[in-house]
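Asks: What follows is a structure written as structure tokens; I'll ask about it next.
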Amino acid sequence: MTFLVAALLITTISVDTQGQEVVLDSSNYKKYIRSLPAFTMYGDNYFVTGISLNEDITSETSDAKFEIGFKQRLTNVDLPWDVFPFITYRQKSFWNIYLESFPFRETNYNPALGLAKLFVNDEGIQSGLWFAFEHESNGRDGENSRSWNYFALQYFKPYGTDWQFRAKVWIPAGDLSDNEDITSFRGFFALGATYSPVKNLFFDMDIQPAYDDKLTGFIKAGLSFKISKNSNQFVYLQYFGGYSEDLFNYNQDVSNLRIGIAFKDLMMNFRTHNN
């Protein structure tokens with residue numbers, strides 16, 4: 001699960017503004033946000049390939065998966081409650097690179113429009129909120145169409161220099177006729193954590209529980225490490241187990257292990273100032 005508030009606000013306690021170091025506190029965080037680039041990467045961008053763990057390993061059950069994302073701050077104008085408006089976009093694709101002609105199996109699109117709020121005191125960032133309207137679909141029509149809209153509220157909380165916790169809840173909005181039972185597999189909330197015991201090493205865990213006569217939902221775990229100090233590329237190992245890895249097959253149970261390369265959104269990570 002990507003998390004916008006943590007992604008758009010570097011959780012360090014200082015920032016270089018006009019060549020001077022400024023301590024981030026409750027008096028200047030709006031100036032701090034405005035000093036950040038308006039257009040940036042949103043979440044980790046990665047390319048991984050791997051195998052299924054609950055099916056025979058064949059060219060049909062092995063694939064590649066990649067995600068890309070960006071975000072744009074819409075204005076620097078002061079708004080009530082010191083919030084900032086953003087648009088975000090994430091795209092996730094599944095590519096059958098081991099089949100003849102290399103067909104794409106599925107692509108999911110996830111644009112969002114929302115407001116971000118950061119809570120800061122004289123000790124720095126304490127937590128953040130992100131409220132958004134999100135759309136998710138696979139871009140197909142007819143019987144192959146999968147789409148839904150929802151309002152989402154996310155919260156993040158850094159803990160010390162090693163941990164960051166996050167939570168997200170959502171309520172469906174509008175027509176669900178393409179996938180009426182999607183909440184039975186996607187649920188209504190998700191929990192996640194990132195642990196960084198040393199610089200350039202990150203462990204991520206996201207849990208999204210759901211229930212449909214049995215426990216559904218999914219668990220996603222990741223390990224990222226940088227192999228060169230002069231590179232922004234990370235070796236990335238990802239495990240996914242459960243339902244709704246992609247929208248078209250949201251009601252199918254899968255277990256996949258993949259490895260590849262990631263370009264990490266270091267603004268999202270609380271140890272950015274140590275890297």
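The backbone N, Cα and C atoms fix where each Cβ goes, and this holds for glycine too.
From a predicted model like this one, the values you see are computed outputs, not experimental measurements.
For His135, the entry in TrEMBL reads active site, proton acceptor. The active site, nucleophile annotation in TrEMBL covers Ser137. The Ca(2+) binding site feature in TrEMBL is assigned to Ser101, Arg140, Ser145, Asp178.
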Asks: Across all the protein chains here, work out how many other Cβ atoms are within 10 Å of the Cβ of Ser137 (active site, nucleophile).
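Replies: 18, counting other Cβ atoms within 10 Å of Ser137 (active site, nucleophile).
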Asks: Using DSSP and three states only, what is His135 (active site, proton acceptor)?
Replies: strand
Asks: So which one is it: of the binding-site residues Ser101, Ser145, which has the fewest other Cβ atoms within 10 Å?
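Replies: With the binding-site residues Ser101, Ser145, fewest surrounding Cβ atoms within 10 Å: Ser101.
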Asks: Please report the distance from the Cα of the residue listed as 'active site, nucleophile' to the Cα of Ser145 (Ca(2+) binding site), rounded to the nearest angstrom.
Replies: 8
Asks: Once the chains shown are all counted, how many other Cβ atoms turn up within 10 Å of the Cβ of Arg140 (Ca(2+) binding site)?
Replies: 15
